[in-house]
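Presented below is the structure to which this report refers.
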Amino acid sequence: MELAPFEQKNWGSSRLSSPVPPLCRTQQCCLGIDEAGRGPVLGPMVYGICFCPLSKKQDLEELKVADSKTLSEAERERLFEKLDSLKEYLGWALQILSPNVISTSMQQRVKYNLNALSHDTAIALIQYALDSGVQLREVFVDTVGPAEKYQEKLQERFPELEVTVKPKADALFPIVSAASICAKVARDYAVKHWKFLEDLEDVNLDYGSGYPNDPKTKEWLAKNLDPVFGYPQFVRFSWSTAQSILDSRAVPIRWDDSDGHEKASSKGSQSMLAFFGLKKDDMRRPAHRFFQERKLETARDL
Amino acid sequence: PDQWVLIARDSLLELPKKPGDGTFFTRLRNPSTGEGALFLFSSCAQQLFEIKVFNEDYHSWFIGQTVQHDGRLFFATPMDALFLILYYLIKAEKEQGKFQPVDQVIVDEEFPSSHILLQCTQAVQSLHHVTEEKEIGSKKFYKYNKEKTLKWLKKKVVQTVKALKTNNVCVGSAVQSSTFIRSRQILDVTEEDYTRYAHGLISEYIPEDLSADLLKY
Amino acid sequence: LLPCEIQYNGHAAVDKYFIPTI
């Protein structure tokens, strides 16, 4: 799998896709969506879609892609090569969400949690297939959050399609399993070939499973923590494992909106009288507007 | 902390000709509030600079390969030392009301560096703008004169108005960002707006009573 | 000048983590 566009800009989001088979533009198709790398604290999350004509569903079943979870990395890669060779009737597309995109989305001021990000990514991929001329009829998706609500959301967005959201969809629907293979292979590759943007010396990729409860992963995080800058962008800062190590070992940093919570809680414990007394600063004549507007003050001392 | 970020003229960094003659910070009495404030004297105390600080919450500096927690940005801007001397002249007038040598006027136990103001030759040479002078022998004696001071301050206000216009400072009632450039001139800004604004700025450097008198003037 | 307050004075690996861009 060739992920050069993502490798070069692995702090953003990248879309990769196969050419759309002509058959998919003329026959009614099914599309499966699955993800890879939701749980780890390291590396990107990948959303994959696969689509093929309804008439080719049986061919996919015969490929036995449904057992993808039991496969090794090498076996998955072989299966992907097989899928990719079915260019006449099978197409795929991937959306790679870098750890940086995941972190910044989840930590932005207007809440945008991982489920919302996942839903939007899936919707964008379906739309991509439609925009590319694929004659979509059926969509099969693994659950992200409550299945019914997700199905409702997708159905409302795409009323012309038949949407099925089910847990363990990759075991039930070969087209979803095919998408799962594509997503997993992409994630494996992206992690293996990760180029650290940061100029780090002797960083190794022996981070264990990458899951937050893996002691080896935690050790890797602690070892690669910079007290001012935190982690390399390989890490999902928004994961609570990453955050708790930062809280205990990094220098404290305050932002413009940091005090919002502190002020709210401290005001509750203040006496009402505190708001009515004149403080010493209030008794000083206020500075001229010129200085106030520019946040300039007289320096009393260094 | 032993490090701060300051914007100042290059000339303030020149090495002094003699040890002890270099640029230095000191606290002097702010003539408007009467409280201590930070000032800077150039080499040999020839020029006085006021120190203003850009102080917004939640800032720090990267300086080379270091972090400086203190995110303030200091500015050293030249100012007319006569404003500071004026404070003492007015005080002397209120307390004693007689002609005195200027080195006896600028005495401040709380801010002992204030005598250094006497080294600002340009300000000392301009004392006649705000005082009546008498010369006995070779010695000069000064007494605060309100009328002369108001005339001098008016010139300051006029100069400030010119500077406000040249620098496109927004003096109207509408609040706008200093980086916002309007495509059309605001037509409702009057000469009076400029004068009031300039008066307000000058008032940052004079006692409140004098500011009120200046406004009437 | 940073848009946050870092409660620390000392070394920071600025070159490694920070790419100034115009």
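Cβ atoms here come from the backbone N, Cα and C positions, even for glycine.
Residues or ranges marked as domain 'RNase H type-2' by TrEMBL: A:28-251. Per TrEMBL, divalent metal cation binding site is recorded for A:Asp34, A:Glu35, A:Asp142.
Taking the Cβ of A:Asp34 (divalent metal cation binding site) as centre and 10 Å as the limit, one finds 27 other Cβ atoms among all the protein chains shown. Listed in sequence order, A:Ile33, A:Asp34, A:Glu35, A:Val165, A:Lys166, A:Pro167, A:Lys168, A:Ala169, A:Asp170, A:Val176, A:Ser180 are the same-chain residues six or more apart from A:Asp142 (divalent metal cation binding site) with CB atoms under 8 A from its CB.
The residues near the divalent metal cation site, meaning same-chain residues not in A:Asp34, A:Glu35, A:Asp142 whose C-beta sits within 8 angstroms of the mean position of the site's C-beta atoms, are A:Ile33, A:Ala36, A:Tyr47, A:Gly48, A:Val141, A:Val144, A:Ala169, A:Asp170, A:Val176, A:Ala179, A:Ser180, A:Ala183, in sequence order.
Here the domain 'RNase H type-2' (A:28-251) has a mean pLDDT of 91 out of 100.
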